[in-house]
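Asker: The structure under discussion is supplied below as structure tokens; questions concerning it will follow.
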Amino acid sequence: MAFPEPKPRPPELPQKRLKTLDCGQGAVRAVRFNVDGNYCLTCGSDKTLKLWNPLRGTLLRTYSGHGYEVLDAAGSFDNSSLCSGGGDKAVVLWDVASGQVVRKFRGHAGKVNTVQFNEEATVILSGSIDSSIRCWDCRSRRPEPVQTLDEARDGVSSVKVSDHEILAGSVDGRVRRYDLRMGQLFSDYVGSPITCTCFSRDGQCTLVSSLDSTLRLLDKDTGELLGEYKGHKNQEYKLDCCLSERDTHVVSCSEDGKVFFWDLVEGALALALPVGSGVVQSLAYHPTEPCLLTAMGGSVQCWREEAYEAEDGAG
């Protein structure tokens, strides 16, 4: 007789604080996992970028070269390069191993809110308060961007990249998706200034957070509103949102010191995770495991599921 398929385990949410990193770089403006989730980057108001092993709590390298606070960073797919952007209007390409600045791209007229590599890490995309997205060729010596996307009518707060698409959120209340294969631009009007936008892991949906304390799940192709998620507070700051590693939950920072988890399908609040007494400025979700990083003030907290047991020396 055939045995029944085992039921998939219900998703576990990261709610056990495993580590707190005192980052020593002023206020942490953003925290980001690298591509495989083994390391993380922290962006500091003291102009530095730091690379950590978050589970062990060890600092691996400090990157100095920005002239003002660092606001966002990303790692390349092969872990050899980093990019960052900040209040000095510059986009910086770093060599991970040496800690050296490889290139510094200038051209934005205001602070750089968000940076991403394309999948091959040959191009850096940067979104700025100057209402533009600029595409910089990592291999060229030319100082100007290879392309500028200037459809936004106000600052660009968020840029994400999939294999042939760019997703951008703007303070003008629109989320724009550039299909590079088709050469088309799709735009959806949310109405409230957008603070963060991202693709679902399966690539079917986009998640958008805005300053009306609401997250919206949209069908990527049609723009249809699939769900709304409320209960957190986001009225003043650029806060991160994302989906959990299996697309089961919507996750958002909040200005009241918590991280909120909602069931993606039901829309019901699943967990309000108390982080501290300030604004949870940034978060990052592990690509394959129930592991969350949160940034508040000058520290980063690493969270795992309740059943998690740290390996030797990692707890």
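Don't overthink the numbers, they just go from 1 along the chain as shown.
Cβ coordinates come from backbone N, Cα and C, glycine included.
So Swiss-Prot lists these for the protein:
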type	residues	note
REPEAT	23-62	repeat 'WD 1'
REPEAT	65-104	repeat 'WD 2'
REPEAT	107-146	repeat 'WD 3'
REPEAT	151-188	repeat 'WD 4'
REPEAT	190-228	repeat 'WD 5'
REPEAT	231-272	repeat 'WD 6'
REPEAT	275-313	repeat 'WD 7'
Asker: Averaging the per-residue pLDDT over the repeat 'WD 2' (65-104), what integer do you get?
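Answerer: Here the mean pLDDT over the repeat 'WD 2' (65-104) amounts to 98.
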Asker: What are the helix, strand and coil residue counts for the repeat 'WD 5' (190-228) according to DSSP?
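Answerer: DSSP composition of the repeat 'WD 5' (190-228): 0 helix, 22 strand, 17 coil.
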Asker: Go ahead and report the DSSP secondary structure tallies for the repeat 'WD 6' (231-272): helix first, then strand, then coil.
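Answerer: The composition, in the requested order, is 0 helix, 18 strand, 24 coil.
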